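Chemist: Annotations for this protein, taken from TrEMBL, read as follows:
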type: DOMAIN; residues: 60-207; note: domain 'Alpha/beta hydrolase fold-3'
type: ACT_SITE; residues: SER138; note: active site
type: DOMAIN; residues: 251-325; note: domain 'Alpha/beta hydrolase fold-3'
type: ACT_SITE; residues: ASP292; note: active site
type: ACT_SITE; residues: HIS322; note: active site
Amino acid sequence: QGRILEKTGLCSQITFGRYVRQGRKLGLDPKLFIQDLQFNEVPVRVYQPKATSDGRRRGILFFHGGGWVFGSLDTYEKVCRYLSRESESVVVSVQYRLAPEHKYPAAYEDCLNATQHFLQHLEHYGVDPARVTVCGDSAGGNLAAAVSQTLAGRSDLPKLRAQILLYPGLQALDFNLPSYHQNRGVPLLFRERAAFFALLYLNGDALHMQEVLEGSHIPPDMRLKYTKWVSPDNIPEKFKVRGVRPLRPTDFIAEVYETVKRFCEPNLCPLLAEDSVVQQLPESFILTCEYDVLRDDGLLYKKRLEDNGVRVTWYHLEDGFHGIISLYDYCGFSFPSGKRGLDSVVNFLKSL
């Protein structure tokens, strides 16, 4: 698949995909004051409720999904307006640089820089320093988890109140977890596409996609080290009833590992962070969908957080599929379970 895309001109495919997903420009919102700004040279869109507030508001940094390759401020306009209005929060939507033009760690650095800037200027936006949350879906959930881990040990900035991870992608070690096997052909994210996007973000190309899918990109000793965190054994039995295909040991290919070894960096794969970091993380909300290749990434991270004493609110959409929240009120159609997912986020925010 990756090679086909290269032959037909990868960039033209991506450009077309971005065009299709860009979203329509919306009119003014009677309840929100919306402005486009730059935080540390990163483009952001700030949503502020117009209604007067008794005290300082919650702040939410929102990192959009789209495999680090797609997505924009416009694509997530309706989601961010909804979050801001319904939870009466100041929302900052971040336009991080996209792959393959900008490889890892560009997107992560943009999200981190925008977050730091916001945390340093909360007063200007009437935001309570004790109630700032990072939130993201899919690749954005990956970025939110990475930013949250980076800021966990910082004493010079207000501590994050929570992290909200919506069907996040959190590891690239094992593309054969039960959810990858069970949902490999379920839209909006096929198993191959998950590896394809991760490689585009890491290297700007998807040259070793097949080896990565098969698992020959990780040295056996390293795989053993990470088994305590990334393993079907850590996934509740009820998620295995639709079948499990254990990873067949494939021959490790050192030259492939050389090109993808940064997959072992927690800023790229937050599930691999050390316990000492995970213990410092803020209260967390994790949403998973049953019909999603990334379901088990969320379940594994939930277990890691809980094992390390972090409070987790977990919301599982039994009838949900990957990307369902980004389809909220999309071109006039919406999925009831996507709305339920979004409302569960709003309810969690109101509890903070």
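The backbone N, Cα and C atoms fix where each Cβ goes, and this holds for glycine too.
Because TrEMBL annotations are produced automatically, they should be read as predictions rather than curated entries.
For the listed features, I'd like the structural context: burial, neighbours, distances.
Modeler: Sequence-distant contacts of SER138 (active site), defined by Cβ-Cβ distance under 8 angstroms and a gap of at least six in the same chain, are GLY65, GLY66, GLY67, LEU166, TYR167, PRO168, GLY169, LEU189, LEU294, HIS322, GLY323, SER326.
When averaged over the domain 'Alpha/beta hydrolase fold-3' (251-325), pLDDT in the model lands at 97.
Annotation for ASP292 (active site): spatial neighbours TYR167, SER179, ASN183, VAL186, LEU189, GLY320, PHE321, HIS322, criterion Cβ-Cβ under 8 Å with sequence separation of six or more.
There are 28 other Cβ atoms within 10 Å of the Cβ belonging to HIS322 (active site).
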